[in-house]
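Trainee: From TrEMBL, here are the annotated features:
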type	residues	note
TRANSMEM	14-36	transmembrane segment
TRANSMEM	57-79	transmembrane segment
TRANSMEM	85-110	transmembrane segment
DISULFID	149-165	disulfide bond
TRANSMEM	229-252	transmembrane segment
């Protein structure tokens, strides 16, 4: 004879449903943001479709698609008490937990090499600064947020063909405006030419015009200052996923038990 499930099991069921519903909506928002970015940049145009695999907005599309699909399976599985969907959901969450733990171990063991990877990545972004809007946006945000210029120092902008001192044009031997200490002319108008000729200046003269320090040092200092917060957020996210696994496992056990008593 079937028995009514305890109130705690009903609460866990609807907690799993509503939490997954929330993350499904979040995943759809991320997916929509990624698609909007691709459409807005005309990445689906015939002449650009070949480069879409390297478009950063594709990361948002894939992340949103995976998150919304995964959480939707957990949402429907909890509401309909469908063991198949719940098994897929729990297995995927378990894989994600294992991947995050493995990534943390690898990052800790390779922490000496991470700076080299970051330097290579930033220099590559600086090379393509004028030709890739996404990389320009990311580089500008880093330089503004950390008040830095270049990877190691402001002269790193020599790697860019437009800012190289041998290049023709007004940008020659300069740096982007986001390197400037005060990029606003008269305090209101953005002065895109404020970094012109900065690479020709010695450090004493340049320090009143642009930020001398590179962004790698700024990133290292930011991470050191926020290590506790980063660790706490990581542990909370990992804890939420483990609790979700526990709730899903208990719900599947209850579904199986209820079938056995019928």
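Backbone N, Cα and C atoms are what each Cβ position is placed from, and that goes for glycine too.
All annotation found in TrEMBL is predicted automatically rather than curated by experts.
Source: prediction; values computed, not measured.
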Trainee: Using a Cβ cut-off under 8 Å, which residues of the same chain at least 6 positions beyond either end of the transmembrane segment (14-36) come close to it?
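Mentor: Beyond its ends, the transmembrane segment (14-36) has Cβ neighbours at 57-72, 74-75, 78-79, 89, 244, 247-248, 251.
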Trainee: What else in the chain is close to the transmembrane segment (229-252), if you only count residues 6 or more beyond its ends and a Cβ gap under 8 Å?
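Mentor: Residues 9, 12-13, 15-16, 19, 74, 78, 81, 83, 86-87, 89-90, 93-94, 96-97, 100-101, 104, 223.
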Trainee: What same-chain residues lie close to the transmembrane segment (85-110): Cβ under 8 Å, and 6 or more beyond its ends?
Mentor: 20, 70, 73-74, 76-78, 234, 237-238, 241-242, 244-245, 248-249, 251-252, 255
Trainee: I want to check the contact list for residue 149 (disulfide bond): same chain, sequence separation of six or more, C-beta distance under 8 angstroms. What comes out?
Mentor: 143, 156, 157, 175, 179, 210, 211, 212, 213, 214, 215
